[in-house]
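**Q** Would you mind keeping the following structure in view while I ask a few things?
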Amino acid sequence: MMEGQQHGEQLKRGLKNRHIQLIALGGAIGTGLFLGSASVIQSAGPGIILGYAIAGFIAFLIMRQLGEMVVEEPVAGSFSHFAYKYWGSFAGFASGWNYWVLYVLVAMAELTAVGKYIQFWYPEIPTWVSAAVFFVVINAINLTNVTVFGEMEFWFAIIKVIAVVAMIIFGGWLLFSGNGGPQASVSNLWDQGGFLPHGFTGLVMMMAIIMFSFGGLELVGITAAEADNPEQSIPKATNQVIYRILIFYIGSLAVLLSLMPWTRVTADTSPFVLIFHELGDTFVANALNIVVLTAALSVYNSCVYCNSRMLFGLAQQGNAPKALASVDKRGVPVNTILVSALVTALCVLINYLAPESAFGLLMALVVSALVINWAMISLAHMKFRRAKQEQGVVTRFPALLYPLGNWICLLFMAVVLVIMLMTPGMAISVYLIPVWLVVLGIGYLFKEKTAKAVKAH
């Protein structure tokens, strides 16, 4: 009985430094790069490389802000805890629930992408069927224990990293050995209408989709409560992940866009698979499709982990039903995994009803939730830093360029929202932000009223 109580509300610290680095890396190397980059290439051309560098810098600032807070206070629920403690109870409530919804939407987008990748081999299989099968498999794995999740995500991410590095090396060899055919040349980066064929506007208009690619880096913060040694592992993961991401994103896209003119890229297929398919290398195209499928499953796996831990943190704060604040004897928050899975299952229905537009719609909703998420991290960090300065505390892992870095991030978020308002198909998700904030407000008032009623009794 004592043992049951001891484990009743505690997550196990079963994640090592290698797990944490690859969870964050795996969270970012996914559908945004492998599938989302297609529409960016069509609009921005080779300028996509500059776009990823800009968004990568913003993502790094956000990660360092979150990293500073997490190293000081490694807790479940990550930044919703900081918003709650340093900003106010509504901020904690809103940021936590927004993050949970964000990752439910990301999970839906990744499952949709899985369906598209399966169609590369089996065009007759509807996306909703593939989504349903992998939905069941990944959730079943997450119901084991955190170390199994960590190991699986570690190997998923290793496959992605090796594949991206191998693709950069193999693509480079094709490029410089002359085996890539007459169209393979570094001059493709500026010959087809210039580096920015549609001007700087073409690139700016794509920043929202590029931002989608970097969503997932903040998973480092969520892992803190289950990290063996957060004071060492979080700073190391934060600093190393961003350099690797930029090398992978910028390196792979530079090689890719040199192998073939950017004008040949189509929106529905991964440009990585398409280019090797067009070069006539069916083996590499098939191998890469396995990799992009693994990438989507890896991010979905991270989503299942992340959603359940965020909901667990919300329940511990009293912002979600108390039943969700329990774990089984292995330290697995089974209830939160099942609740998150139930909502994510809507993805199968969306793919059944609107298979063609499902991915675009989900991606737009993800970016809106991500804007709220990153803005709240930046704002919560400013309040956290002020509180620490007033207490005379010198933090161990200070964020870069504080407070200027925070204002740069907030300006970037505002620009992304304006871009989305001007983008057909994306504007609806921006209009939904005030609606979503009202829903959160009603939920918060209901929670407060219920809490008061319980106290009165």
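Note that the numbers count up from 1, one per residue, in the order the chain is shown.
Cβ coordinates come from backbone N, Cα and C, glycine included.
What Swiss-Prot records for this protein is below:
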type     : residues : note
TOPO_DOM : 1-19     : topological domain 'Cytoplasmic'
TOPO_DOM : 64-86    : topological domain 'Cytoplasmic'
TOPO_DOM : 108-117  : topological domain 'Periplasmic'
TOPO_DOM : 139-155  : topological domain 'Cytoplasmic'
TOPO_DOM : 177-201  : topological domain 'Periplasmic'
TOPO_DOM : 223-240  : topological domain 'Cytoplasmic'
TOPO_DOM : 262-271  : topological domain 'Periplasmic'
TOPO_DOM : 293-333  : topological domain 'Cytoplasmic'
TOPO_DOM : 355-358  : topological domain 'Periplasmic'
TOPO_DOM : 380-407  : topological domain 'Cytoplasmic'
TOPO_DOM : 451-457  : topological domain 'Cytoplasmic'
TRANSMEM : 20-40    : transmembrane segment
TRANSMEM : 43-63    : transmembrane segment
TRANSMEM : 87-107   : transmembrane segment
TRANSMEM : 118-138  : transmembrane segment
TRANSMEM : 156-176  : transmembrane segment
TRANSMEM : 202-222  : transmembrane segment
TRANSMEM : 241-261  : transmembrane segment
TRANSMEM : 272-292  : transmembrane segment
TRANSMEM : 334-354  : transmembrane segment
TRANSMEM : 359-379  : transmembrane segment
TRANSMEM : 408-428  : transmembrane segment
TRANSMEM : 430-450  : transmembrane segment
**Q** Quick one: do the transmembrane segment (241-261) and the transmembrane segment (43-63) reach 3+ CB pairs under 8 Å, ignoring pairs fewer than 6 apart in sequence?
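**A** Counting Cβ pairs under 8 Å, at least 3, so yes.
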**Q** Taking contact to mean 3 or more CB pairs closer than 8 A (sequence separation of 6 or more), are the transmembrane segment (334-354) and the transmembrane segment (118-138) in contact?
**A** yes
**Q** The transmembrane segment (272-292) vs the transmembrane segment (43-63): three or more C-beta pairs under 8 Å (separation of 6 or more)?
**A** no
**Q** Going by DSSP assignments with H, G and I as helix and E and B as strand, what are the residue counts for the topological domain 'Periplasmic' (355-358)?
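**A** Breakdown, helix to coil: 1 helix, 0 strand, 3 coil.
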**Q** Determine whether the transmembrane segment (408-428) and the transmembrane segment (202-222) share at least three Cβ pairs under 8 Å, counting only pairs 6 or more apart in sequence.
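**A** Yes; at least 3 Cβ pairs under 8 Å.
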**Q** Ranking 43-63, 87-107, 156-176, 359-379 by the number of C-beta pairs under 8 Å to the transmembrane segment (430-450), which range is first?
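**A** Top-ranked stretch among 43-63, 87-107, 156-176, 359-379: 87-107.
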**Q** For the transmembrane segment (43-63), what are the same-chain contacts with Cβ under 8 Å, counting residues 6+ beyond its ends?
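**A** Sequence-remote neighbours of the transmembrane segment (43-63) are 37, 188-190, 192-198, 200, 202-203, 205-207, 210-211, 213-214, 217-218, 220, 238, 241-242, 245-246, 249-250, 253-254, 257, 262, 374, 377-378, 399-401, 405-406, 408-409, 412.
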**Q** Sort the residues of the topological domain 'Cytoplasmic' (451-457) into helix, strand and coil with DSSP and give the three counts.
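**A** Counts, helix then strand then coil: 6 helix, 0 strand, 1 coil.
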**Q** With DSSP as the reference, give the number of residues of the topological domain 'Cytoplasmic' (64-86) in helix, strand and coil.
**A** 17 helix, 0 strand, 6 coil
**Q** Would you confirm whether the transmembrane segment (359-379) and the transmembrane segment (156-176) meet the contact rule of 3 or more C-beta pairs below 8 angstroms, pairs 6 or more apart in sequence?
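**A** Contact between the transmembrane segment (156-176) and the transmembrane segment (359-379): absent, because fewer than 3 Cβ pairs are under 8 Å.
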**Q** Take the transmembrane segment (87-107) and find every residue of the same chain, 6 or more past its ends, with a Cβ under 8 Å from one of its Cβ atoms.
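**A** For the transmembrane segment (87-107), the sequence-distant neighbours (Cβ-Cβ under 8 Å, at least 6 residues beyond its ends) are 77-81, 215-216, 299-300, 303-304, 306-307, 310-311, 313-314, 317, 319-320, 340, 343-344, 347, 362, 365-366, 369-370, 372-373, 376, 379-380, 383, 436-437, 440-441, 443-444, 447.
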**Q** Apart from its near flanks, which chain residues at least 6 from the ends of the topological domain 'Cytoplasmic' (64-86) lie with a Cβ under 8 angstroms of it?
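**A** Sequence-remote neighbours of the topological domain 'Cytoplasmic' (64-86) are 11, 92-96, 99, 218, 220-222, 224-225, 227, 230-231, 234-235, 238, 309-310, 312-314, 316-317, 319, 376-381, 383-385, 387-388, 393, 395-400, 402, 405-406, 409.
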**Q** Looking at the topological domain 'Cytoplasmic' (139-155) alone, can you tell me the average pLDDT?
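**A** Computed over the topological domain 'Cytoplasmic' (139-155), the mean pLDDT is 77 on the 0 to 100 scale.
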**Q** In terms of Cβ proximity under 8 Å, which residues at least six beyond the ends of the topological domain 'Periplasmic' (108-117) contact it?
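**A** Non-local partners: 30-31, 34-35, 125-131, 134-135, 268, 270, 289, 292-293, 296-297, 299-300, 303, 344, 346-348, 350-351, 355, 358-359, 362-363, 366.
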